[in-house]
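What follows is a short report on a single structure.
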């Protein structure tokens with residue numbers, strides 16, 4: 001495909017002559033839609049728990065991640081319909097809304113992941129300041145995240161148009177969503193999106209988790225073994241942060257191949273000309289399924305995180321009833337705050 005075709009409408013141009021791809025991709029995406037929708041709705045149901053509503057930042061962030069996943073999965077029926085029909089039936093407004101939704105949810109998800117990582121870092125590096133954060137502040141942060149994602153998506157929404165494709169051998173005219181800007185401007189925009197949705201957030205999260213690890217090991221060196229209950233609490237906190245880290249890794253695993261393929265087509269289109277149409281189709285099939293797969297994996301991680309956090313809350317309630325000395329020194333607090341969702 002030509003370098004002016006972007007990742008979010010290339011899905012709607014057909015199967016490159018590979019007959020089996022259309023039904024296989026359609027079936028795969030339908031299964032992903034059902035599983036992902038079910039999982040994310042189940043996550044939202046779990047998060048209605050009064051106990052978890054008091055979880056502060058984690059409650060807010062998981063709700064927003066699940067909402068982004070549901071919006072993204074909601075585009076699958078339109079993708080499948082277009083794959084089978086090899087035509088776009090949803091008008092120009094459909095082009096603007098449905099194809100921009102990819103960018104909106106992608107940025108919202110990664111920005112929420114950065115916010116989650118930043119909250120965990122603050123809980124360890126500055127636990128007393130982090131504890132002053134309120135749920136209202138977290139909701140304002142989430143609102144700012146969606147606003148920033150919308151601003152980054154706006155150029156796509158404005159510049160995308162519905163246009164007629166080449167007539168088929170039978171004289172039928174197909175329709176396709178296509179950008180109206182120049183190839184140079186489009187390349188610059190997609191490159192900027194790669195930086196804002198992958199590279200910069202990824203580097204920031206790597207830095208935050210590196211800092212978390214340093215604080216954790218420094219605090220561990222100053223901790224006594226403590227009671228068996230305190231050891232259990234620390235293990236539960238570690239599991240919580242481990243789940244957050246898994247969510248971040250899952251995002252990168254699912255979206256990095258997608259963006260790598262798009263960047264290769266933008267900057268190395270000549271070297272890809274040797275690939276057959278079938279090879280392009282296989283790669284598009286793979287990276288498309290990966291991106292939607294992320295929205296199916298996340299609910300499993302949320303559920304595990306929620307279960308770990310419920311255990312942690314129970315341990316913390318018992319601890320607060322028996323021991324009021326857990327915040328006496330900074331090093332001990334840093335380790336205790338490693339997975340503290342309320343901070």
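Every residue, even glycine, has its Cβ placed from backbone N, Cα and C.
In TrEMBL, annotation is done automatically, which means it is predicted and not curated.
Residues or ranges marked as transmembrane segment by TrEMBL: 20-47, 59-85, 97-118, 139-160, 188-209, 240-261, 281-305. The annotation domain 'G-protein coupled receptors family 1 profile' is assigned in TrEMBL to 39-302.
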So which of 59-85, 97-118, 139-160, 188-209, 240-261 has the most C-beta pairs under 8 Å when paired with the transmembrane segment (20-47)?
59-85
Mean pLDDT for the domain 'G-protein coupled receptors family 1 profile' (39-302), as a whole number?
81
